[in-house]
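What follows is a single structure, written as structure tokens, with notes after it.
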Amino acid sequence: MERTYVMVKPDGVQRNLIGNIVSRFEQKGYTLAAAKLVTLSKETAETHYSEHRERPFFGELVSFITSGPVFAMVWEGEGVIKAARQLIGATNPSEAAPGTIRGDLAVNVGMNVVHGSDSPESAEREIAIFFKEEELNDYQKDSNKWV
């Protein structure tokens, strides 16, 4: 089963948006395999966002993502990586479609509420940064036959 990493960023946690975001994934029939509230260390943040290391906004990004707790999640289901990206919406909220998480909830590109893996490779790498294998739950929901 395909898995993806989704993280509610500090602005989303502070604005009490965790439940709203979780509900959107549940309503699409995806299964929550793992979740935890954690405040990232600078080292973990730099590892997570390593592909942006040479970008001018890297320092601000690391500072923001370590400014408070994040809600780290692993979702699973068929096509969940692509579906999560569609649910999340464009990085810049002003370009995100209404009905997407960022289109409905994000304030600006710097505080865009949520992160989601953009590929199977990213999902695997990001899940491994935040979760040990034994923290990932593998179960079948009875409701799966209905969605």
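Cβ atoms here come from the backbone N, Cα and C positions, even for glycine.
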From Asn16, Asn108, Asn112, the one annotated by Swiss-Prot with Lys9, Phe57, Arg85, Thr91, Arg102 for ATP: Asn112
Rounded to the nearest Å - Cα separation of Thr91 (ATP binding site) and Ser122 (phosphoserine): 16
Neighbour tally for His115 (active site, pros-phosphohistidine intermediate), based on other Cβ positions within 10 Å of its Cβ: 20
